[in-house]
Amino acid sequence: LHMIHLHWYQYPPMNPMMYPLLLIFMLFTGILCLAGNFVTIWVFMNTKSLRTPANLLVVNLAMSDFLMMFTMFPPMMVTCYYHTWTLGPTFCQVYAFLGNLCGCASIWTMVFITFDRYNVIVKGVAGEPLSTKKASLWILSVWVLSTAWCIAPFFGWNHYVPEGNLTGCGTDYLSEDILSRSYLYIYSTWVYFLPLAITIYCYVFIIKAVAAHEKGMRDQAKKMGIKSLRNEEAQKTSAECRLAKNAMTTVALWFIAWTPCLLINWVGMFARSYLSPVYTIWGYVFAKANAVYNPIVYAIS
């Protein structure tokens with residue numbers, strides 16, 4: 001109780017119907033996420049032709065999503081059943097740390113996947129191909145930097161506290177001291193605004209490159225007096241473009257998933273009167289959905 005901010009005491013308990021609904025949602029998404037990401041990891045690791053440097057990033061994305069749901073799913077089921085957090089203050093902090101860690105790792109893995117698509121499509125043969133060593137270094141940097149950021153609240157830079165709905169835990173966005181808020185400013189930049197800027201930059205040039213390629217193909221076809229010009233190289237480029245579209249779709253879905261979390265943090269800092277315990281649930285709903293559809297998009301592609 002000592003970890004719960006006074007802001008939440010002004011609200012009555014949530015409607016009891018919210019808990020079984022949330023439990024059913026978590027059961028559904030938990031099973032789909034764990035099964036989908038496990039299959040993705042198993043297929044990529046046991047199919048030799050798929051063990052490429054680029055696909056190491058896809059496997060890492062599946063691993064981060066799998067770990068997120070593996071660590072979030074059981075505690076959420078327990079808290080929804082009891083209508084409150086019953087796992088103690090220490091596990092509350094561990095729960096929040098693991099959720100932030102896997103989310104941050106997922107975000108930056110998506111960024112590196114996008115950058116790899118940019119390197120393949122925009123730079124083409126002029127770009128340096130992704131090697132297994134480079135992909136491994138990218139993955140290592142993702143986990144090291146994510147751990148560094150997410151472990152900071154254990155040392156007093158912000159704190160991990162129960163959410164207002166008492167079914168989960170996260171960063172403290174209600175404390176007004178500059179130390180706590182500075183963490184949220186920098187962390188929001190690191191896990192949201194910077195990845196968004198990099199992603200937009202990459203896809204602007206990807207779209208330009210695809211448009212220029214298609215225009216060149218049409219112009220060449222006109223000169224040769226034929227309807228279309230599609231050789232083997234063009235088909236390969238077209239396949240790469242389809243992969244880029246799949247990646248773009250996944251990134252867009254990811255930002256839809258994580259924007260509610262950002263808004264909850266910033267509303268909590270600057271307009272807390274608008275933030276009720278029910279609203280904080282939406283951050284869970286959208287974030288957990290992201291871990292479900294990532295393996296679907298990448299497994300198909």
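Heads up, the Cβ atoms here are built off N, Cα and C, so glycines get one too.
In Swiss-Prot, the cysteine linked to CYS169 by a disulfide bond, out of CYS92, CYS102, CYS104, CYS241, is CYS92. The record in Swiss-Prot shows differing topological domain names for TYR82 and ASP116, meaning opposite sides of the membrane. At the 8 Å Cβ threshold, with sequence separation of at least 6, the transmembrane segment (246-267) comes into contact with the transmembrane segment (93-115) through 3 or more pairs.
Ranking the recorded positions CYS92, ASN165, CYS169 by Cα distance from LYS288 (N6-(retinylidene)lysine) puts CYS169 first. Long-range contacts of the transmembrane segment (93-115) within the same chain, counting only residues at least 6 positions beyond its ends with a Cβ under 8 Å from a Cβ of the stretch, are 54, 57-58, 60-61, 64-65, 67-68, 71-72, 75, 87, 138-139, 142-143, 145-147, 149-151, 153-154, 160-161, 168-171, 190-192, 195, 198-199, 202-203, 247-248, 250-251, 254, 258, 261, 287, 290-291, 294.
Note: the Cα of ASN165 (N-linked glycosylation site) and the Cα of CYS92 (disulfide bond) are spaced 13 Å from each other.
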